[in-house]
């Protein structure tokens, strides 16, 4: 008999035996078995069977427990294992006979339950009292399994397999749980055409991630529910299969295939009433194939797909389709491709307008139409690694979520007032311990202040709570209105015109009036509100900024003034290069004002000039100005790319080469930080092929890396530096001393044009020639270097005073036109820094002292009072 039991039947008998042993019962009875059936880990088939005959499972369990409580128990170390009593043997015999009559090869848990109802004694009486007679249970069992026989050891997991491993989209559409689908009529019509074919009626939706492939299927489900489809598709069910759920928990070899086979049989038995949908269709290739087996889900689907017995809609991305589906031509030819293209910005705005109500109801906030337009436009402009409409929807969702979080958090006014109250309370506790007259007077004043602040805090809190309630009421009314409209639509569809008319002409208009009144009251109160209640374009821009680091928002007054004074700000740090500062400042202002060419980098410059005049320093100053951190730039030393084989490191190694997965040093840095200053230092030392790579960046603001991903450079400022022709500017070259500045620059540009290809130079925004530094500029640079040293000394509470004579000495001694300002930096380090370090370590200069630096004869005096000549 044991060999004929299904897996779950065997588990139930083992559990019943264990229960009898733990209770000390000498006999194994139908009551033990019934409790084991009810308490099994996978007992949903028993639960469904009892529910089908309207039996109360809790009452059955309680009644069976009472039966067990009356059984005699035996204790002791020599107690024999419990043996099946006469009633249990009769139950098993009855169950075996019924299985034979039904043509089943195995004895399932349902057979045992029916056997208990027929011959289970006291346990059978418990079932009968709840209306679960053997006859009723048998009828329900036959109806549930739908004519299928028990031919495997795990038949219980195969009943209602489609319900278990699928999601009914048409049921979700009928309940109004799906979002509206806008602007995909052509794709839905194409899917309907393919589904209406006689054979190979299997469309596969192909498109980039986030363009709305699943939404097309949801739109089809909504059309089926509305009846807006051809006769061949009317009243059909659209069920999404979950292959992951089928694979999950499949412990034994062949269990996944058994589950899939059962689902396919159920679909086939529906006689064309079920259309299946598999999202991520590429997962069927290889799913379930274990060990050396070639029988995966794809191969199991092929025969039914070819004969037209299975109408399936698939969805997958272009890359996955190419990599997985196209490699199996037999599977590919059974599907008809339907391309889902990325919608335009205008179409995305229409989609967002259709979804606006759902997001307003969910977040209980208002969303301005201008915010939807901003979401579509800004996501298209700045979030280039993803696709519309998904990225625009995410922007709106996150902006609304952020606003909702702000509404639920304390406003700044209340937060600040609460901190003041807490501080006053702590002060009150401290002063309360003092007994002198002045302290008592101070305490009285403090208590009056505290009472006033607490009163003000209570008033503000009450006002904030009232505003929140008003806001929440509007959100709740919108949610209720959405629900009633869904009910009215369902009532019309089901032909319940009485309910539909009550909703359409009674409840819905009344609710709309309430909503209008609440919205008007809220608008009136919004003129002097503490909480913002509408998502606007600035909120969308803030989210874009937090995702990408790009300041896409409207210019604030403070930032406007800062940009207008950009030359002055950069000029504080970069001395004597006004032309270069002007060119860079103009590029940044063009972008922030929104008038720059959106298809090119923010700016691309070639900085030329002798060493040490500020080419690299300007890039650092610009990064500091834009990001408040001079390290926030992508710096690549082009001398590392002098050999041909190193060029690939910029964009990443091609497939098949070591390092392919790592990506390129330039492309990865910009992909992670799309709004940045990119500094390509000493570009003349790079291999000529580097410039071929840079052509696309300079012209179109894009570069394709080694893995085929397009990296967006449109929000970067590209700065290339070079020392070419510097001999004409430094005074150490062939140029005559009386040569004018213009003539020197012309000579430099001639050298540059001879060294770089015309197509490269022609794509740059500007060639900026840096001048050699004069004596006055070196004095200002010396002052900058001294200020930086003073900042470092301030951390040790040391104050630095440098006389004008000392600055003049530094400028004179550090002046070397061939090397720019770098000798001056070294001079400050040796003449002041090194001497000061010795004096600090020797204890001559202590924390809190003022250090004076002055010129004396041929050197400097450094120290708190007087020092030695250097």
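Note: Cβ is positioned from N, Cα and C throughout, glycine not excepted.
Residue environment of residue 208 (ATP 1 binding site) contains 17 other Cβ atoms, counted within 10 Å of its Cβ in all protein chains. DSSP assigns residue 208 (ATP 1 binding site) to coil, not to a helix or a strand. Residues or ranges marked as ATP 1 binding site in Swiss-Prot: 207, 208, 209, 210, 211, 212, 213, 214.
The ATP 2 binding site annotation in Swiss-Prot covers 609, 610, 611, 612, 613, 614, 615, 616. DSSP assigns residue 614 (ATP 2 binding site) to coil in the three-state reduction, placing it in neither a helix nor a strand.
Mean predicted confidence for the coiled coil (393-527): the pLDDT average there is 75. Annotated coiled coil per Swiss-Prot: 393-527, in sequence order, evidence recorded as similarity to another entry.
If you look up Swiss-Prot, you'll see 1-147 marked as domain 'Clp R'.
Per Swiss-Prot, the feature region 'Repeat 1' maps to 5-71; the stated evidence is sequence analysis.
Residues or ranges marked as region 'Repeat 2' in Swiss-Prot: 84-147.
According to Swiss-Prot, the feature region 'NBD1' maps to 160-342.
Residues annotated as region 'Linker' in Swiss-Prot: 343-549.
Sequence annotations record features per position, and here Swiss-Prot assigns region 'NBD2' to 559-772.
If you look up Swiss-Prot, you'll see 773-870 marked as region 'C-terminal', on the strength of similarity to another entry.
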### Task
Give the sequence-ordered set of same-chain residues, not counting 207, 208, 209, 210, 211, 212, 213, 214, with Cβ within 8 Å of the centre of the Cβ atoms defining the ATP 1 site.
215, 315, 317, 340, 342, 387, 390
## Note on the structure
One residue among the binding-site residues 207, 210, 609, 612 has the fewest other C-beta atoms within 10 A of its C-beta, namely 210
### Message
From the DSSP assignment alone, can you count helix, strand and coil residues within the domain 'Clp R' (1-147)?
### Response
98 helix, 6 strand, 43 coil
### Message
Roughly how many Å lie between the Cα atoms of residue 214 (ATP 1 binding site) and residue 613 (ATP 2 binding site), rounded to a whole value?
### Response
58
### Query
Around residue 212 (ATP 1 binding site), which residues of its chain at least 6 apart sit with Cβ under 8 Å of its Cβ?
181, 184, 340, 343, 351, 389, 390
### Query
Expressed to the nearest Å, what is the distance separating residue 213 (ATP 1 binding site) and residue 610 (ATP 2 binding site) at their Cα atoms?
57
### Task
Sorry to bug you, but what's the C-alpha spacing from residue 616 (ATP 2 binding site) to residue 208 (ATP 1 binding site), rounded to the closest Å?
41
#### Entry: For the region 'C-terminal' (773-870), the number of residues DSSP places in helix, strand and coil
51 helix, 18 strand, 29 coil
### Task
State the Cα to Cα distance, in Å, between residue 616 (ATP 2 binding site) and residue 209 (ATP 1 binding site), rounded to an integer.
41
### Message
So if I measure Cβ to Cβ from residue 211 (ATP 1 binding site) and keep only same-chain residues at least 6 apart in sequence, which ones fall under 8 Å?
### Response
340, 341, 342, 343, 387, 388, 389, 390
